[in-house]
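Novice: I am attaching a structure below and will ask some questions about it afterwards.
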């Protein structure tokens, strides 16, 4: 059996729309800008061009131009360039599709550290129904700031429901992605950081994402990729990483406990030797580990060895993990323009 055939058997690509299914779209294997534009189906657009060949030269000015209480999709096309600004999508401006020209081509960056995570963010999403494609978001705060009290340097703060990022990249040294609340979908994104660089209380699927670990000399012995905060069993939240890979230039934990019911799962993910043997830590959390839900399912690579895993770390079965790998974990069939459904 060839590699292509095996992949078809393992994965079922589901490309649907909240406005109805499309049989021809289901054959597509790439979630690109034309497909998303087709599914979002709007002719309302604003063009941002740093060279002055569009409607605005600033991303924030384009957002400001979206009507308050917007109830229909509008495309904000941010053409290639490095936009040195901080961007805020306020709560009263939902249904925005921010379309870049590709991560590495369309870049939004600032250099801001703060004692407060939200205050430091380069990019803030507080409006429901937000979709982004092909954009890099950076917080380039100097490394030296890491040794002061103003050491938070968030790239993106996501505090809204029904938010999706496709082929985007997030860069910072510390606390890169504040995935705060709501249902979120990250597809083939790149996320770089060192300490707690994906953190918050959200309900999120990270599908085929690259997690790159960089060095931070503040941390002895290691930093952590995730710090998911969950206070009770009733909270239907958690971070689920499906496929993708974890690699980098420093050692790291997959996650640390943040609250007694912290929930993070890595499934079918390549774990390089960057991942330390313990895998998980309760660093700074001094309560019981009984209700922590830190688990792995069919991960592979040198960092996936389980002999020395933390006592509470779970080696999940198919039955235990199946509901988390379903797009229904984030109710995605009702709001995502396109998604990938994992099949066993």
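Just so it is clear, glycine is given a Cβ too, placed from its N, Cα and C backbone atoms.
Per Swiss-Prot, the features are:
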SIGNAL    1-23  signal peptide
CARBOHYD  43  N-linked glycosylation site
CARBOHYD  151  N-linked glycosylation site
BINDING   152, 256  substrate binding site
ACT_SITE  196  active site, nucleophile
CARBOHYD  282  N-linked glycosylation site
Novice: Rounded to an integer, what is the Cα-Cα distance in Å between residue 256 (substrate binding site) and residue 282 (N-linked glycosylation site)?
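Specialist: Between the Cα atoms of residue 256 (substrate binding site) and residue 282 (N-linked glycosylation site), the distance comes to 5 Å.
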Novice: Determine, to the nearest whole angstrom, how far the Cα atom of residue 282 (N-linked glycosylation site) is from the Cα atom of residue 152 (substrate binding site).
Specialist: 21
Novice: Please report how many Å separate the Cα atom of residue 43 (N-linked glycosylation site) from that of residue 152 (substrate binding site), as a whole number.
Specialist: 39
Novice: Among the recorded positions 43, 152, 282, whose Cβ has the fewest other Cβ atoms within 10 Å?
Specialist: 43
Novice: Which whole-number value in Å describes the distance between the Cα atoms of residue 196 (active site, nucleophile) and residue 152 (substrate binding site)?
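Specialist: Pair distance, Cα basis, whole Å: 11 Å.
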